[in-house]
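Take a look at the structure below.
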Amino acid sequence: MVGCLLAFFQQLTGINVVILYSNKVFTSGSNEENHNDLIRARTGTVIVGVVNWAATMVAIPLLFKIGRKALMLVGHTGMSLALIALGVLAIFEIDIAIIAFTMVFIAFFEIGVGSVVFLYLAEIMTEFGISMALAVVWSLTILVSLVTPRMIEQLHQDGLYFMFAGINVIGWFFILFCIKETKGKSKIELKGLYSKQNNNLEDVEVNISDEVTA
């Protein structure tokens, strides 16, 4: 359940709106000519890919230095702030700043849940659990890709950013209170990390140890 919820929040960060509909995000609300819009859209897509790759390279060593949970919290914090900024900038149609903060958002996604979630799922879940989490991921990917054009029409660019910012804040609290750190734990510890039975056994072992010491 925890793994599926983590996958759920990863897909609702807003990343698929940026990746799958980057052209619309980069040109929405623009007053420039269509030719310039096309150039901006293509350039933006290339920049998205470069930032995506660079942020992933940064995230790899951090995974083993500060831990999975901390990295996801940092990522959600950065994404939330970037999306709030994007919402404000979209209202005033400051296109250059929108592009800049879109890159900031993508960087924090890859540094956080983009790089961590699937590693974390592999550490805490069985093969069946991972398959369920992947089903959640792909179902939401398809759903978001289908409804995003309508959401842009109904909520407009700023409303869409604010909506995903709110979801990221909820995801931040979910990670803070429900996700356990896996860095440095053995396979046996990871296997029972979310097992109530395992936690009860650990409590019994601690009590027995205390009695022997006494």
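A Cβ is built for glycine as well, from the same backbone N, Cα and C atoms used for every other residue.
Any TrEMBL annotation is an automated prediction that lacks curation.
Owing to the predicted nature of the structure, the values given are computational and were not obtained by experimental measurement.
Copied over from TrEMBL, here are the features:
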- 1-183: domain 'Major facilitator superfamily (MFS) profile' (DOMAIN)
- 44-64: transmembrane segment (TRANSMEM)
- 71-92: transmembrane segment (TRANSMEM)
- 98-121: transmembrane segment (TRANSMEM)
- 128-148: transmembrane segment (TRANSMEM)
- 160-179: transmembrane segment (TRANSMEM)
Stretch contact, the transmembrane segment (160-179) with the transmembrane segment (44-64), Cβ-Cβ under 8 Å, 3+ pairs: no
Mean predicted confidence [pLDDT] for the domain 'Major facilitator superfamily (MFS) profile' (1-183): 87
